[in-house]
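S.K.: Just passing along the structure, written as structure tokens.
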């Protein structure tokens, strides 16, 4: 019997196909194409092909916008939003518009075109986390911005148009719908129970343990009870904290470890799958520090989102979250591969037969 | 300057990339693969490969589950939900679960493996609409179901795993999140203004006309002001009606014409693109007939949904809706093609450069 599970935060129901649960090897994906090495603007030595750097981790004595960096942040050359303009809203009859004001930055994570966040040494990932934090904190100073969304697209299926390892940051003059929904639910729960709903979930999951995947002193990684996607993962700080920007320096390495560990396990379990991850945090101007709890959502992109999902806002997940957690728990980290990253299994159908006839 | 537009119903902001607006030919897609003809269970003469038919339009004198049909409805052989079971909800600590109870049916739209809804004669589409209505009305009788979602996936990118033309219907024991959101917004608007928000939008759009694409006596097709996707289209009945199931017989042909017309225009404009469409209607047990307004959402799948969209619930649309409407208005319907349908342009990158760096 398939099972319907409700996410208590988004109030979304997910259909979990418990009957013919898929295994990691059932998901054939396109692999991570690396076909743009010759024209990659993010490789070392091509710093003039990007807008000037905003932030960089550099070897002593090297000049900005030249070689010698480890992590480099630049403006997106084709930004979704522009930094100039006002946030004045205008009514167009029933509709509302404003200028597309915002910041759109790219965090180039390494000089190596072929690596990715799950394969880099933890010490390197610490540098990336510090770049996230520096940019996240800096953009808070622009009073026009209500939110800054950090995200990563890995692989063409996950929306990446360049294969060189990078994340992105988009600062917005409005609070994202998804974040507003989380915040509403968290405030409602706090109002009723006097406790942060994420803290309560963490406590429940640490007792049950069948959805836990990894933990260290400061972070827990788990498979959400109502996971939308096969092998979806949530990373939460153990101590209540609404604001990603408040990460204390002594937790930077622990976050880097948890993030790298989960991406590494996904890499092993699913043969370098396409994925997105996003960081959800308290909006810049929100006072609801008591209710929200910042977190990272990692979404492997192994199934298609189709009419049912678009029409309902619900999802069909062919992998039982407890099974996904078990696979990811048991994925023993292998030694770092030498040479180019696996390009994944050959092109084939995604495992979406459950959804269609 | 890019523009931020807010949808007044979903409260979702969309980034419209007005600066380097894409044209229809900028979207290269994979085309509609037809590689399963030999093993297609929906072709005529293979009726024994599907579960028994629930409904069919048949030539006089032909027997069920044999040749001689035009439109045929069967249960999905691999259903997302099962018809047996109870809708008892159980608490699992903070979470809620219930049996995966529901109906999952397939509407096989034609015997011809190579056609699709935008290429069939209007009279044939009328038969498909009647099949939708018959199944939609029939499932209302099962008191466990709160909603029945009709949807269509066209092409692998849009989640179809079989290329034979078909739609699907999933009856659910809960109201979909997306529908509940629409209903909340519609009721809020009705409470404030005493008028259906969809009727108000229709009135505004029929005055402005720059987002109108097509209309007949009973239906209007338009590009939504805050379209999430390039060439997204909305079909609305002109007269206020919340319930798709209440479609009067004299409007069946007009709905078939509007739907066929829009899918035909998309076919011409975008070279047989992958798409999803969904029908949103009043939940079976809702009393809010005054506020909601049933409609069809057509979503061509030309761009990738990536980290930004997953993390924000917002979208980046590289086509200005007024431009999309103009292209679709000016796509003069060509005569019906003879022989197999175009397989689209060669495989290539989707036009998502706006989103990524």
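Cβ coordinates come from backbone N, Cα and C, glycine included.
From TrEMBL, here are the annotated features:
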BINDING   B:40, B:43, B:113, B:164  Zn(2+) binding site
ACT_SITE  B:166  active site, tele-UMP-histidine intermediate
DOMAIN    B:197-308  domain 'HIT'
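Show me how these features fit into the shown structure, please.
M.R.: Same-chain residues at least 6 positions away in sequence with a Cβ under 8 Å from that of residue B:164 (Zn(2+) binding site) are, in sequence order, B:36, B:40, B:42, B:43, B:108, B:113.
Its own atom aside, the Cβ of residue B:166 (active site, tele-UMP-histidine intermediate) has 26 Cβ atoms within 10 angstroms in the protein chains shown.
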S.K.: Select from B:40, B:43, B:164, B:166 the recorded positions whose C-beta atom falls under 8 Å of at least one C-beta in chain A, and return them in sequence order or as 'none'.
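M.R.: Of B:40, B:43, B:164, B:166, the entries that lie near chain A are B:166.
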S.K.: Most Cβ neighbours within 10 Å: which of the binding-site residues B:40, B:43 is it?
M.R.: B:43
S.K.: So how many of the residues in the domain 'HIT' (B:197-308) end up helix, strand or coil by DSSP?
M.R.: 39 helix, 25 strand, 48 coil
S.K.: Other than B:40, B:43, B:113, B:164, which residues of the same chain sit close to Zn(2+)? List them in sequence order, counting a residue when its Cβ is within 8 Å of the Cβ centroid of the site.
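M.R.: Near the Zn(2+) site, beyond B:40, B:43, B:113, B:164, sit B:36, B:37, B:41, B:42, B:46, B:162, B:163.
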S.K.: Which whole-number mean pLDDT does the model give the domain 'HIT' (B:197-308)?
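M.R.: Mean pLDDT for the domain 'HIT' (B:197-308): 97.
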